[in-house]
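**Q** Structure incoming, see below.
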Amino acid sequence: MPSASDLTRTAVRPGFTPGRVARGVLLVALVAAVASFPSLAPNPYILSAGIVVLNYALLSTSWNFVGGFTGYISLGHGALAGLGAYGTGLLVTRAGVPSFLALVIAALAVAALAVPIGYAALRVRGASFVIVSIALVLVLLLVFQSWASFTGGSRGLTVPRPFPDLLRPEHHRVFWFLFAGLLAVALLAWWLIDRSRFGLGLKAIREDEDKAESLGIPTFAYKLVVFVVSAGFTAAAGGLYALWFGDLDPVFQFSILTGSYMVLMALLGGVRTLFGPLLGALVVGTALEYFKVEYGNTPLHLVATGLLLALVVLFMPDGVLPALAAGLDRFRPAQQSIREVTAAELREQRERDAASPELAGASPGAPSTKERP
Amino acid sequence: MTTRMTTMRWATAFGATMVLALAGCSGGDDGGSSSDDPIVVGISLPLTGDFSEPGKGVQRGYQAWAKIVNDKGGLLGRQVELKILDDQSNADRVVSDYEQLIGQDQVDIVVGPFSTRLVVPAARVAEEYGMLFVEPAGAAKEVFEQGFKNLFYAAPAVADDHYNHLAEYILGLPAGQRPATAAYAAMDDPFAQGTAYGLKKKLEEGGVRTVVDEVYPPNTTDFSGIAAKIASSKADIVVGGSQYQDGVNLIVALQQLDYQPKLAAFSTAPTSPEFAAAIGNKTEGILAPTGYTQKAPYPSNVEFVEKYTAQFGSPPEEDEANAYTTGQVVAAAVTAVGCAEQGECQQKLVDWVRNNTVETVVGPLSWDATGKPQGAHMIQQWVGGEIQIVLPADAKETDIVYPKPAW
Amino acid sequence: MSSGALIFQSVVLGVLLGGLYALLASGLTLYFGIMRVVMIAHSAFLILAAYLAWWSHTRLGVDPLLSLVVTVPLFFGAGVLLQRLLLSRLRPATLTMMSVLLTFAIAVVIEGLLGYAFTGTQRRIQLGYGAANLELFGARIAVVKLIAFGLAAVALLTLYLLLKKTTFGWSLRATIQHRDAARLVGIDTDRVAGYGFGIGLATAAVGGTALALDTTIYPSLHWHWIGPLMAIIVVGGLGSVPGAAAAAMLLGLTQSLLQIPLNTTWAQTIFYLALFATLAFRPQGFFGGRLAQRF
């Protein structure tokens, strides 16, 4: 059954256009590049650096289920990843559960835990949501540090390797493909939601939550479901990281910086696009490495990260690449659909209209975004 | 859908290029070592972040070691070159740093970073690549419970044994003078807590009752609550498992509450040169364990203190000395075995260190099968406005003062 | 000392701590009231002020309290600029979310710059009267803590008088309550909002100096403060200054008392428990700003 978004899409670009073919080719090229990277990597270090970037991509894609669809900015996803990591680690070490079964159980458990968290956080809007997301990281840090008899506290938790016989370079290779596989699943899930009615409802929440509600969209349930999905993927990413990395420490697992990197990567790449967070992860992952090399002995890497985030927020809140693309689009014939106009743009437009009195009477509450001049 | 399409195309294209670029941007570094090449020693240190202060101390210690070795013509006729990376006090970083040092930069030797939290992940990387791993800072007992075969801690004693001489002294006091109750406050850190709990275990076995046992997170800044509990318990002695600033804060908070114990022992903090000024010179009688003293008569220490002071303008502290000791252990092994490169050589180095005793600036060091050093720390006390060694009896500069005067 | 005395001692410490929390939380509440902005960088500015106090004491040898003469106007100006130049540029529809990110970025920049200028070493002002104390019904009160509390109390009282008794306070409260209506009655809401921000940031200057008197400071300390402060403003009801002050006192006291049976870490979790409980059962907070209903 074609959804509304499919209709728009077909109306705009029917059939196999050159663009669509090109996209297909590039997708194949991307898959090929990912598949061949381990054999191209000249040494295990490059491979492990690649895994770190892939982990970032996975985290920010998982974050983007909430951030991209609903517009709710969570700074607390680092906590969910940390819970996934510790959940997996504790199941393996304390309960003797096989590694990957532990990962699945931990991801599901965190998803279940996301229900009450989401219930408290999503009942309220905007500000309180952000506060809860930050508080989540801080409180979990305290709990995992203090409850040392169970979590190992600041002595850390060592997670045994799932493949004890593999040499380190081989171990990296296996985990490269595991991370890539999980990323593919996350991207596929995002893509499916994006094309579904559910996704349409979520985007309506992002644009105007009150209107979405008055149109009969069960906004709270929708938000909660997508939050739970996001939490599940984030936790799975954390769990996989735990199995790969092996050493967990509360300070690094429950860090606000992790959450903020996810936000930065997703925003930079563009939250409305499937590959945006992945791209953002490549850029930020490389940039972090660069900042470190460049400002190695000083904390200026923090300053650089902060400035980058501030610039994105101030000038390109929809992402750098979407901003570039929008720049290019000025030279093309205008094609508009409901997705291209944010509530923010609409409101600005209304404010512009309100400023010129002759239009003011016609404009307030303009019902259809499609009639944008 | 133009915007979407464009972005997608951008994304995929850029993604592919990045992956290829990342893959292509290395290689070439095939570390074939000839006899003229320098011996490259790879180190990752916390030069920024929470551990940056001690991290920089460790860095100076390594630099002093490299300079002193090179001034004498190097090791095996090869110059020593340090390759130091900053791990930002972050365990993720420390692992990728050692991956880089071993895998990409093909260093000949790796030595340890600072802080127990970073030593364990770093040691695992070294272990899995079969590298010898001598380290200056992983003193907590957990480090030696991981089953590492290549790890050696280059200092006289692990955290739990730091107070051994003090425990012996207290339990040796006549019954009338011996303290009956003790209060412990320790930072939630494997090293700091290890020192306090090592003493606690021994005193409890000796019949000293524990009345307060507080653990605080590393970021605690307000100690008035903990101090109130200790003060109201009226414990005879107070033991702090502290690093630097937390120890200072706790002492000030205890002084604010006018608590006067018979004995006060704190790890690390009292040995710092700024300590007296930080607590307003009310230092009288405070005890601290130390693994290093500039006055130690070992021949290499005399040389170290002199050359270090010439290079950096002030005498070395414990962190610097530990790093220097690490260098000495590696140098001894390399000289004895006659090689320094990755591969089979590393196992020979490991075997040599395991079976030999090395003369260092902190005295002769030898290790058990887990890499644990076989010694104890000296105990220092602030006496007459100066910190002096009081235990063990054969090394003392002055007599221990007990019960301590009011602070 | 009996356990009764310990409880009394903890109450005294809790009240002293609560005073500082109240001052800082009132600043956060102001920002939120004016612009619906959750100002993550508030505690980073707090630490910045603490560093300035420490710096002027160690390097210039002046009493830390004197640094207020410089930091308060400086922070007021910074607050006005922050609001006028940065926050007002954000799109209104996404203001709440984006302002969080923007102020987060500012916090990280401040942390990085502090680390660059003063390194990550923990610092503490060494005052001659650092360990001096008074006795009050068996409890010991450190002189420095008393000064910090006094500072917070004076600042809060000033803020209260400013909001209740001056024309500016009247315009500010009008802007908080209904921005459009305030504009209709001729209030220059943009300017008022800017000044409101300046005042909020000035509380961070006072708070930072008070903080520097008796605790250690280090660049990443602000994360340690932002959590409890945010919990306080939610429990107090977002946007309500008296609510924030009451919640601050209550939670500061509870934290201090909980340290008797629990350790310091578990005692800190009270803030987050209170936060989650408030949002789950009474999202508008317990001392109720109307604003909180929707945010």
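Cβ atoms are placed via backbone N, Cα and C, with glycine included.
Any TrEMBL annotation is an automated prediction that lacks curation.
I grabbed these lines from TrEMBL:
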- C:6-25: transmembrane segment (TRANSMEM)
- C:37-54: transmembrane segment (TRANSMEM)
- C:66-87: transmembrane segment (TRANSMEM)
- C:99-119: transmembrane segment (TRANSMEM)
- C:139-163: transmembrane segment (TRANSMEM)
- C:192-213: transmembrane segment (TRANSMEM)
- C:225-253: transmembrane segment (TRANSMEM)
- C:260-281: transmembrane segment (TRANSMEM)
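Context for these features, please: burial, neighbours, distances.
**A** Listed as Cβ neighbours of the transmembrane segment (C:6-25) (distance under 8 Å, sequence separation of 6 or more from its ends, same chain) are residues 42-43, 46, 136-141, 145-146, 148-149, 152-153, 155-156, 203-204, 206-207, 210-211, 225, 228-229, 232-233, 236, 244-245, 247-257, 259-260.
Remote same-chain partners of the transmembrane segment (C:99-119), defined as residues 6 or more beyond its termini with a Cβ less than 8 Å from a stretch Cβ, comprise 35-45, 47-48, 51, 55, 82, 86-87, 90, 219-220, 222, 226.
The list of residues near the transmembrane segment (C:139-163) in space but at least 6 beyond its ends in sequence, with Cβ under 8 angstroms from a Cβ of it, reads 5, 8-9, 12-13, 15-16, 19-20, 22-23, 26, 65, 127, 129-133, 169, 172-173, 199, 203, 206-207, 209-211, 213-214, 241, 245.
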**Q** Can you work out which residues elsewhere in the same chain, 6+ from the ends of the transmembrane segment (C:37-54), have a Cβ less than 8 Å from its Cβ atoms?
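**A** For the transmembrane segment (C:37-54), the far contacts come to 24, 27-28, 31, 64, 67-68, 70-71, 75, 78, 87, 95-96, 99-100, 103-104, 106-107, 110-111, 114, 117-118, 123-125, 200-201, 204-209, 211-213, 217, 219, 221-223, 225-226, 229-230.
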